[in-house]
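Read through the structure below, which is laid out as structure tokens, and then see the notes.
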């Protein structure tokens, strides 16, 4: 039978915690209360964690703990906790205690605030106000550097644009007498409210607009067709038989076309050179264009800061793009029509077409404006189509913007047109401000109810013969004019000031030329036979110009033919 485990007597300490002090008297009177020898004891407080009293299952890592000849013996090793983590000496620190690091974290060497101060000594901690003030100063400095960078870049682009050496649209001859030069800054201050115009005559025939083109997107683009069999006419003012008849009937004092008036109205936005011939005959004033003038073409990237290639044979040069844009505009204006041969004819037939000619869809509105009590202006205005809107017929003008290379505009139409059409239009307003303003002015002069803008792009950036229609948008002319900041009062103020200036001139022929490098126009007095027989498409350099002998010039003048309307066909 196994004997039970005897606990023994547990002494009571009335003076405090722990066993009482062992004295000889207690050992003699109470032999069972004597403490076992060689048992370690560590004083503790109430907050200390208590360990075990004895552990017989422990494996000893200290070799001396299991030796029989050791100091304390093997019998006392179960009570030896000197190597245990449960008890520690009073003077020793807890090995598990770690000091909290109170030092601030190191500052980054390459952060935005210390990018330029990494070699400076570390500054003490600042208050929030000082830190915010430093941030504001850093933002101002960054904005100043960005502004200087953009200014330098724009000045470089402007120098590059000026270095392109824009040529004058007409070769200025030394015998021409310059009468006046007008800076564009004076045009911006002019204002005149023109009354509602009066329709004198409508000529030609119009086809209906095909509404299916309003649903075109870049994903279902349509190929741009070519209309080689249709004739397009660019007849100047004095070659117009209707205007000649109205002038003989003294219907007005000033005569012009909508293209010429739009050029004058939008002159402050122009960059390229242009010219208008002015003829003072009696008390009448005629605004003409030269044969093959730049007014017959459409400028591309005229107001952009990115320069175009200077080589004329380059497909992206200013001249090549102008010819390409004019052809695109003509073909687009005929492709978006309903081809059912259903036309709306006006009072008189086409004034410039011969019998049997297939002419493009166009209607001419001869309209008269009153500039003052003595001066009336008659202009020939064009509309390209007609549409049924709310059971009423509305006049439409049709024009096309063309994309030639996305790297020049910075916007890829095929990616942006469907989701960000406004961004594409904003880019075009920046790069072609003058062209869009002229189209809007022509729509206002013709009192068109709607102006359609088509987005036409090349099939490939290096292919300038094949194009596709990506989208078509419609705008009301007055709303679009307000959107592009085109002031109608200022437009008419420019026209009236030029008319008043020219009415003070003597009878003769004059030319109004936009300076190719400065924002101003000049008025030259030219000979009466200027621009009649010695016309060239573009002025040649001085070293290539060859003047004919005097007798050849006299023979050419004697044998010169009269201007025939049919010669104005393109």
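Every residue gets a Cβ built from N, Cα and C, even glycine.
Since this is a predicted model, take the numbers as computed values, not measurements.
Of the candidate ranges 249-263, 264-278, 279-293, 294-308, TrEMBL annotates residues 294-308 with the feature region 'RNA gate'.
The average per-residue pLDDT of the prediction over the region 'RNA gate' (294-308) is 87, rounded to a whole number.
Remark: secondary structure over the region 'RNA gate' (294-308) totals 3 helix, 0 strand, 12 coil, with classes taken from DSSP.
Residue counts for the compositional bias 'Basic and acidic residues' (125-148) under DSSP, split into helix (H, G, I), strand (E, B) and coil, are 21 helix, 0 strand, 3 coil.
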